[in-house]
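Annotation comment: Swiss-Prot describes 1-14, 88-227 as topological domain 'Mitochondrial intermembrane', evidence class similarity to another entry. Feature annotation from Swiss-Prot assigns topological domain 'Mitochondrial matrix' to 46-59; the stated evidence is similarity to another entry. What Swiss-Prot lists as Cu cation A1 binding site is H161, C196, C200, M207, and the listing cites similarity to another entry. Among the features that Swiss-Prot reports, Cu cation A2 binding site is placed at C196, E198, C200, H204. Positions annotated as Mg(2+) binding site by Swiss-Prot: E198. Annotated phosphotyrosine per Swiss-Prot: Y218, in sequence order, evidence recorded as similarity to another entry.
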Amino acid sequence: MAYPFQLGLQDATSPIMEELLHFHDHTLMIVFLISSLVLYIISLMLTTKLTHTSTMDAQEVETVWTILPAIILILIALPSLRILYMMDEINNPSLTVKTMGHQWYWSYEYTDYEDLNFDSYMIPTQELKPGELRLLEVDNRVVLPMEMTVRMLISSEDVLHSWAVPSLGLKTDAIPGRLNQTTLMAMRPGLYYGQCSEICGSNHSFMPIVLEMVPLSYFETWSAVMV
């Protein structure tokens, strides 16, 4: 979850988010090494008079500064492509939930159940209970089973929206007339918050997302009550 004044990324709750965190650290280390090398060279240029002003040709140096960046780009591209393919892969989902974006709320439909659907609106600040988060709580949470693959079908009724939950590494555009899909799997129970991540009008900041990941037995009880 997120914490006040947090500087880093949220804790990973899904295998995809764990991979994204590892890739972030991998890329950041490469950027740090390159930046350190550049700063070292600049400091040498500023503190020494040993400059090669008469050098006209240096094929060895040109070869190094051509091949080395290519190798670095490959080291960044290969894990990135692997994660992209993992995010697009859908393996026998146990449950499908259709999500529709509206100005300015979300509606959800559990397609595996005959009549299980609801709208999800943000709870106004004056109606919050002690311990609830401002601008992030909703009147109807999306309850899903943990440790199971869930497919989300995402679209929009009016303008562009984006369905995003950072702890799960999810961000999928909701486009009118187009059905996008993504998968999620939470490794532990809890409440996971997100928000619309595409500017969609005056109340864009007031359409949060709340996922409640629970054990399968609790989900079956909840779905039986809702239906």
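Cβ from N, Cα, C; glycine included.
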From H161, M207, Y218: recorded positions whose CA lies within 10 A of E198 (Cu cation A2 binding site): H161
Inter-residue Cα distance where the pair is Y218 (phosphotyrosine) and C200 (Cu cation A1 binding site), in Å: 35
Alpha-carbon spacing, H161 (Cu cation A1 binding site) to H204 (Cu cation A2 binding site), which is rounded to whole Å: 9
Other CB atoms within 10 A, centred on H204 (Cu cation A2 binding site): 16
Cβ atoms near Y218 (phosphotyrosine) (within 10 Å, other residues, all chains): 15
Pairwise CA distance, H204 (Cu cation A2 binding site) versus Y218 (phosphotyrosine), rounded so that it is a whole Å: 32
Intrachain residues whose Cβ lies under 8 Å of the topological domain 'Mitochondrial intermembrane' (1-14), provided they are six or more past its termini: 20-21, 24, 166-170, 184-188, 190-193, 213
Spatial neighbours of M207 (Cu cation A1 binding site) that are distant in sequence (at least 6 apart) but have CB under 8 A: G101, W104, Y105, W106, M122, H161, Q195, C196, C200
Neighbour-count leader, CB within 10 A, binding-site residues: C196, C200: C196
Other C-beta atoms that fall within 10 angstroms of the C-beta of H161 (Cu cation A1 binding site): 30
Helix, strand and coil counts within the topological domain 'Mitochondrial intermembrane' (1-14) (DSSP): 0 helix, 0 strand, 14 coil
Residues in the topological domain 'Mitochondrial intermembrane' (88-227) grouped by DSSP into helix, strand and remaining coil: 21 helix, 61 strand, 58 coil
